[in-house]
Each structure stands twice: as C-alpha cells, then as structure tokens.
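Trainee: Annotations per TrEMBL:
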- 1-353: domain 'Amino acid transporter transmembrane' (DOMAIN)
- 7-36: transmembrane segment (TRANSMEM)
- 42-59: transmembrane segment (TRANSMEM)
- 66-87: transmembrane segment (TRANSMEM)
- 107-131: transmembrane segment (TRANSMEM)
- 143-172: transmembrane segment (TRANSMEM)
- 192-218: transmembrane segment (TRANSMEM)
- 275-293: transmembrane segment (TRANSMEM)
- 299-322: transmembrane segment (TRANSMEM)
- 334-352: transmembrane segment (TRANSMEM)
Amino acid sequence: MGGFGRWAVVISQMLVCTMVPIVFLVLGGSLLTTMFPDTYDATTWIVFMGLVLLPICLVPTLKEGAGAAAAGCLGTLLADGIALYLLVDNVNKKNDGLSTPPPDLSFKSVTTVFGNLALAYGAGIVIPALQREHSDPTRMPRVILVTMTFISCCFLAVSVTGVSVVGCQIPGNLLFAVAGSKLGFSASRGGVVLAFLFMQLHITIAFAVIMFPAFFIAERLIFGFHKHSFEITHETDSAYVDVEAVQEEPKKPEALEGPDMTASYKIPGNYTKAACLRILIVAICTAIAIAWQDHFGDLLDFVGASSTATCCMILPIVFYLKTFNGTISLSEKIFAYFAVIVSTFLAIYVSINTGKALFAPSEADPSIIFPHCAGDYRKMVYTNTTYFNSKRALYGY
C-alpha cells in the first residue's frame, strides 16, 4: 500500500507501544497505593515507577532482556493464580445456596469488551522485534501459535472462574476484586500483597518489553539508527550450475547470521542520544499516566479498541488481502473482509465511547459499585443475605 501503508503501520505501532505502557503505569500506581496505604498518592507512585523503570528501558535490545521477560510472564501467572484462589475460597464460604446475579446485558456493555480483549493480545506487538533478533526466525510461526493459544486459555480461565463465583459483580481487574471488601469478604492480607507484588514484577518488565519497538522506531526515524536491519540479504552463491561439473552432495543449510542489533549503539555518541530519547519517551508516558490515573478501565478499553485493534488486527488482514488477493480462496476472502469490517466498526464505536469518558468525563453515581448488574445488585454484593432476604422472598431471587 505504498507510503500510506508504511506510515499507518509505524504510527499505529508507536501508539500501541506507548499507550500500553501508560496503562501499566496507571495500574502500577493503583497497586502500590493499595499495598502501601497512608504513604503516597498514586501520582507520586507513578513518578517513582517511571524512575525505577528507566534502567530496564536503557537495555539496548530485547535479547539482553530475555530472562527478565520470562520472569515477567511467571509473575502474571502467579499473581492471577493467587488472586483466583483468594476469590474462590472466600466467596464460596459465603454464597452457599445462592445463585450469582446475571449481568445486565446491553449492546454498549458487550461491545466494550472488545477493547479489553484486543489489549489481552497486545503483547503481539513485539513479534516483529523478536523476529529480527531470534536466532532461528523460521520457528516464529510455531512460537506465535503456541503463545496465543496459551494466552487465550489463561484469559478464559480467569474470566470463567470469576464469573462463576460472583457473576456480574466481578470487577474489571481481578486483583482489585480481592484487595477490598466490597465483595463481602476480607482476603488474607499476605495473599493480596503477594499477588500485587507478582503483578508489579510483571508490569515492571512488560513496560520495557512493550516499549522496545517504540524505541527502535523512534531511534530510526529521528537519528537514522538500525537501517541495516532492513537491508535485503542477497544470496552469495550463483544460481547457475554447470551440468558437466562434479556435483557435491547437498549440505544442510546453516542458520543465517542476522544483523547485529547493537551495531548502531557501538558508534561513539549514539548510545547517549538513544538514552536521552528513551528517557524523554518514558517521561511523556508518565505525564499522560498521571493525567488519566482515575480512568483505568476506560483507558484500558480505549487503548485496546483504538491502537491495538488497528495495529494487531485490522492492518495485518488488510495487508494480507492486498498481497495475496489473487491466490487465496473465496471463503478465506469473505472471512477476512468480514473480520476487517466488524473489527473496524467495534474499534471506532468503543474508541468513541471510552474516549468520551477519558476526555470529557461525566460525574459517576458513587452508590453504584457494580455497573454491569441490574437493580439492587448494582449497589450491594449478592452474598449480603440480610439486605436481600426480603427481596428474595418477594421476588424470588
């Protein structure tokens, strides 16, 4: 798609790789405020996080951070596992014989989930960077398939388990479901702190990992670094073979050495320029996170529906259709066009709705604790039998 396609990819990828870390900063500020009450407010913690994350962001490439990335993955698994255990264990002690309240479904509430789901797969934005630095790029399709399948299974496990025990009263973030007392229980403080610490580990590492493509693109656009990464490798052996020449037995091709991703930083003065640019990007993200710290849920959905959906869902399918339109089957074309149309509609619709909450927020009703429920379930946890006994007797719920 020429220049338009290139700039569409660059701009959308830059947005994803900067807006997702902003979400991490907001979440991290909320976690630290909950773990250490009566210390500092969320603004101070967000600034502190930005400073602490700088050393990780100044690591030259992703390859040097592979071990840290694995630790971040383990952190989120442990955090969600502990939070799920605390939720199920504490709620089951109180909901004996009670049925969970059903959600108050509406078109807006259902479609808003699109942003959250899109962001769940947002880590796919680092795939091109991993492809460039992988020692055997031919394995990447298999790695991507296994990773995305694993993410889907984890996402389903968390959502199904949460809804099965508290129904529509499950908060947007599992960790905050067990941190307070609005679900009618007070979980073990030690378990809550452990879950929060593991999630903080994940946020700290994921922030830098997701930011790396943005650093890479910005350094190339502003300073002209990394241009060797896009050079076309030409075959060194001639395609011509003399039929009378003695043919040697074919040898197994050796893995090609990819370009040195640190070559640009080895030039005197270049790393200093890159470090200053990275510090500036982190500072801008920190400032935006402070401005939107009170709208975590809306920010989450807005980022997923706008930048992540565009870069990771819509544009790849459009480019695929543009490149292979003459070779793919009719059924595949129909499915691809359907996916693009539906994704584009949902991306625009959810971005507009969540954008209103971010840029022109309205006053929320403080008495509504569970906005996805109907009736009195919006204001009181369903396990409060004292509150609901008379209503269950009258209405049978």
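First residue shown is number 1, and so on along the chain.
Glycine too: its Cβ is placed from the backbone N, Cα and C atoms.
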Trainee: I'm a bit unsure how to read this: which one of 66-87, 192-218, 334-352 has the highest number of Cβ pairs shorter than 8 Å with the transmembrane segment (143-172)?
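Mentor: Looking only at 66-87, 192-218, 334-352, the most contacts with the transmembrane segment (143-172) come from 66-87.
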Trainee: For the transmembrane segment (275-293), I need the partner stretch with the highest count of C-beta pairs below 8 angstroms, choosing only from 42-59, 66-87, 192-218, 299-322, 334-352.
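Mentor: Looking at each of 42-59, 66-87, 192-218, 299-322, 334-352 in turn, the most contacts to the transmembrane segment (275-293) are made by 42-59.
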Trainee: Taking the transmembrane segment (66-87) as the reference, which of 42-59, 192-218, 299-322, 334-352 gives the largest number of Cβ pairs under 8 angstroms?
Mentor: 192-218
Trainee: Find the member of 42-59, 192-218, 334-352 that has more C-beta pairs under 8 Å to the transmembrane segment (299-322) than any other listed stretch.
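Mentor: Counting Cβ pairs under 8 Å, the winner is 334-352.
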